[in-house]
Amino acid sequence: MVGSGFGLCTLHWIHVVSVVIFLLGFFPPKISVPGTARKEDILLGAQDQNISATLRQEWTRRKVGQLVIVLIDALRADFVLAHDVLRHEVNIDYGSVEERPKLDFLNEQVSQGRAACFVAQATPPTVTLPRIKALTTGGIPGFVDVVMNFGSNVLQEDNLIHQWKQAGRRLNMFGDDIWLKLFPDSFSRSDGTTSFFVADYTEVDRNVTRHLDQELASDDWDVLILHYLGLDHIGHLVGPSSPLVGPKLSEMDEMIRKIHSTLAVKPHDLPPLMMILGDHGMSESGSHGGASLSEVWTPIVLLEPGQGTKPLLRSQVQKISQQDIVPTLAFLTGVPIPQNNYGILVRKLMSKSRPDIEAGMLLYNADQIYHVMKGNVRSYSQDYGYQLFREAFSSPSVPNKLNMIEDAVRAMVDTLKTNVLEYNLTYMSIGFLVNILILCWVLSNHVDLEYFSSLKCLVILEAIKIFSLGSTSFIEEQHQTLYFVTQTMLVLVAFRTQSLRPLALMALMRLARSWNQTGDKWAHLPDIADWLILPENRPLLSCLHGGALLALLTWSWRNFQESGILLVVYPLIYAHNAGEGSTSSELLLDVFLPMATLLASPQNTILFLLEMVVLGAMKPTNIVHLLGRTSSEKDQFPLWLCPEEALMFYLNIGFSIYFAQGNSNSLATIDVGSGYTGLSEFHPVLVSALIGLTTYSAPILALLAYFSDYPKTLSSTMSLMLFLRTVELGFFEALLTVERYHLFVWTVFSPKLLYEATLSALFAVMYSILYAVS
């Protein structure tokens, strides 16, 4: 491998730019219909204007009084409904997943027919910001909103909040401050809570509930929004199987019961309505962002607690799309449907309307969706749904008109979901071609192909990894490929050296595989980490945690010049991970970590600094995995590997540990809480950097360890890594271009692309720092 460090750093950054260009083409912005909906536009194009005026008046008539929206973040469907109900009534089968605790009062209301219950499907990415946008605009936000989730901007699209304000309704909001960022100056009274400090699952909910007595006693509001974050935070910390989940659901249940009983005895001109729902679900690991059943299916329960009012409806649970609640709430509260809505009116909630009125309301819904399709689909006039809609719209009376309109709406929505995001093939082609040009340049100027003739087995193993990306199943279960490649590499080393050390490392890797179940198909199975976090096993976890830190302390001692500062740093890490408050983490980051870094050996400063930050941010159950890095270093395998073999060896060990820590190619496995280690307030850059470093800690630490063991190979390593990155991204970008209309393009391919783009950016940053200090 040959080439200058500066030139290779530049090529790494050009490669990152090429990936960004491809991303801009692959994730284009959604085209929104400009402006806001007005009540004057309702059924404006109908042939009979008298009928149109009557229907307009009926739509804008309020059917409910005070509306209370209780949004419980990460509320899974099986936190309300039993698995048997979900399986038999809506065909959602959680398989062998154990039955979860329930919101008992809500479950009782549903089972006794005193509530309307729906199981709503959320579209990936299942994170809070896109879900709130979907629940207020009726649209389908994209993966760009995952990035925006950490720095929410004002929502410009037409939405229910705007429509309610425009109609003179008074709105109050308490809970997640993302509402205040999306809808500034929209609430008469509000109190926002920060959603990202996941270690707090108590005060964050108390800060919402403390306002209840005052709000329930008051009549000066029309819509009350309560967004509770505690359940979501428990999920991020310990998962849905934790003993903390039951008490938290009981707390939420009592809060719902209190609101219901208070509203039931208050005098009302119109019956009040309560809507209890989740924005997204929770995976078996406790996070969200992916497309598993437990993440995308969330409950929506509607209660009418008004005294003397008839039950809203009595029937079985029904499946709907999450955005369907938007036109339905618009109908119940008497405001126009937001301009860019994709939702379909829930006919069960219109059962009190006459058939002709119901047909007119559905026709308005169809007309609104038609205008969205007209702005987003070029060939809309040939669409079956559009043709059916025009027939129903222009005919005063048609047999089975209700069903015809509903079929037309569903067909148009299906067309919109398929065509709303048009790929920018120009950007995608430019990004791909720039990446290929970099690959050609590296091959001709920086990589000596003779190296690969002696690395045939490793080349074959790397090819297996790259070509496995052509299958969605292999992407979801990529850890299996990595484990196979790593174990095969260890077998080759054992045969070459006739040593038992590689076999011992194979045994450790097999243990690591069972530490955290990951991927898609078997992620719900119990694992060692789940067992360790049980309350009865906490002493064992503390001993394991302390033992791992002690082993790392022994290893790290050689990096210091007779300094006892490590004896302070490691206890602080232990105290922070043991949950002894934020003081220890702030002391660690602000005082002792910089001091320890100055005392470290110069050649190991970056490695030590990163390792200490990762130790402070990592889950206690995963710290033991860092021992895998020390057991794979050069002094453990002396002279067995040439530098190129060693690089691939270190990388495969690093990525195997990455998956063993519970990571996957789903956004649901990102540990958001790690981004707030040592921080007392939200800093977008710091939080994003900490999340990235913690997520990719194992491969980054493996690479830094390699540079520590092979300090004179920086230039050759940069060229080989650039070659590997451009080959893998080039293959994957070509695959995505060909398979851009694949069924799983948004649930499998898109998250993987985001992971690969992030990894390329992190490697570019790391090489730039190493080049600057070398």
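Cβ atoms are placed via backbone N, Cα and C, with glycine included.
TrEMBL labels come from automatic prediction, so no person has curated them.
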Suppose you had to name the range TrEMBL annotates as transmembrane segment; which of 639-658, 719-738 would you pick?
719-738
How about long-range neighbours of the transmembrane segment (7-27): same chain, 6 or more residues beyond its ends, C-beta under 8 Å?
142-144, 421, 423-432, 434-435, 438, 441-442, 446, 715, 718-719, 722, 725-726, 729, 733, 736, 740, 750, 753-754, 756-757, 760-761, 763-764, 767-768, 771
Within the predicted model, mean pLDDT of the domain 'GPI ethanolamine phosphate transferase 2 C-terminal' (422-544):
83
Under 8 Å between C-beta atoms and at least six residues away from its ends: which parts of the chain pack against the transmembrane segment (719-738)?
1-3, 8, 11-12, 15, 19, 22, 26, 425, 428-429, 431-432, 435-436, 438-439, 442-443, 446-447, 462, 465-467, 469-470, 644, 647, 703, 745, 749, 752-753, 756, 759-760, 763, 767
